[in-house]
Amino acid sequence: MLEKNKGKIIQILGPVVDVRFTTGKLPKLLNALRVELPTKEVFTFEVAQHIGDDTVRCISMVSTNGLRRGLTVEDTGKAIMVPVGKQVLGRMFDVLGNPIDELPLEEGGEKSSIHGPIPTYEQQKTTSEILETGIKVIDLLIPYAKGGKIGLFGGAGVGKTVLVQELINNIATQHNGLSVFTGVGERTREGNDLYYEMKAAGVLDKTALVFGQMNEPPGARMRVALTGLTMAEYFRDKQNQDVLLFIDNIFRFTQAGSEVSALLGRIPSAVGYQPTLATEMGALQERITSTRSGSITSVQAVYVPADDLTDPAPATTFSHLDAKTVLDRNVAALGIYPAIDPLESSSRLLDPLVVGQEHYKVAQDVINILQRFKELQDIIAILGMGELSEEDKKIVARARKIRNFLSQPFTVAEKFSGIKGSYVKLSDTIRSFKEILNGNLDDYPEDIFRYAGSIDDVIARYKK
């Protein structure tokens, strides 16, 4: 057996560790290095830079508390390897692929490097197919592409995580699909809640959970998205599955990269972000795609700092997305959830060649009415409804019904709202909005359109 390449720690600066290899054989960039203390505690670093004088600069994936200069470091000879395949379903892992649900992992299971190749053009699939989510506002106005990348944009507390949880629930229960949930720099409580909610809903055995929470070092938060992606890629490439990859929150991935960049001494670029922002984002996003063997559909929650969409972090994410779902505080203030702004959100799939002529026409009519309603808001605020023409009054009444009807009770929020969650098929969604647009429900009060499933629920409420 070959003797392992070993070095010694010569400097520790927070999560940055410098290691000198006297053998003259430096580990490659992105290799994983290990330190094991007599207490059996294991530390893992990733090589980030060769800084000269036989020394490598590494980023630690765990807290460096307990380390000291002079400790022996071992080069594993490969990148960070994480478990993949059936063994990860129903389980919860950290960035290094160690189980954190206090259950054992099978010995000798398959593992893959977190730094996988980007699929070539020949391997990629080029046709577009819609993924039905059962959420009316999404399916009608911002349809998601199977194998596409979707961004959920919103400030703090507008409902990004609840929307992600509902999507996981709907895909598992209605489509029997596999999901990988990656918690990047978010609250530990949310991960804990998600685990037990999914267990209670019976969808945990179709999901792998990977967490690098906000209390962990920046190295873990920067790499945990790649750990989740590696697990999803295995299902796509080796088991020919259609997989959903949820990343909550992609902004924290950028934020962790910014911290690491500063620790490595790089000069920051705009707004203090790392100069390699676009490169790091591209390396992650380009691996998320449909291939001839299967697809990875990615839903990424994107925190928008100070609700500013021009901030470099959300702006860089925008360029990779097929659909953007914008959650708006003003919609949430009206008590309408999911708090999606239908006029700010968009999808490249809303095209008659993809969704069909009927769906496209209904969606455009809904958008036109909501746009006209927005234009009339100032007149209504200053002069009141009485100054509007009869045609505009009709548009306002229908727009308010549509706005209320775009709300929907979620299964994962049942215990908070007390309203039974609903999954609405795309055909029912189109039929329901057609009824409102045609004026068949003009006599109905607008309040009964709130938190209904399909239009049949509204009619049943009216008849009561």
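Yeah, the Cβs are placed from backbone N, Cα and C, and that goes for glycine too.
According to Swiss-Prot, the protein has these features:
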BINDING   GLY154, GLY155, ALA156, GLY157, VAL158, GLY159, LYS160, THR161  ATP binding site
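For the binding-site residues GLY154, GLY155, GLY157, the greatest number of Cβ atoms within 10 Å around a candidate Cβ is found at GLY154. Most buried of the binding-site residues ALA156, VAL158, judged by other Cβ atoms within 10 Å, is VAL158. Neighbours of the ATP site: apart from GLY154, GLY155, ALA156, GLY157, VAL158, GLY159, LYS160, THR161, residues of the same chain with C-beta atoms within 8 angstroms of the site's C-beta centroid are TYR303, LEU327, ALA339. Taking a C-beta cut-off of under 8 Å and a sequence gap of six or more, LYS160 (ATP binding site) has these contacts in its own chain: LEU152, GLY154, ASP248, ASN249, ALA301, VAL302, TYR303, LEU327.
Taking Cβ-Cβ distances under 8 Å and a sequence separation of 6 or more, the neighbours of GLY159 (ATP binding site) in its chain are LEU327, ALA332, TYR337, PRO338, ALA339. Within its own chain, THR161 (ATP binding site) has GLU186, GLU190, ASP248, ALA301 as residues 6 or more apart in sequence whose C-beta sits under 8 angstroms from its own.
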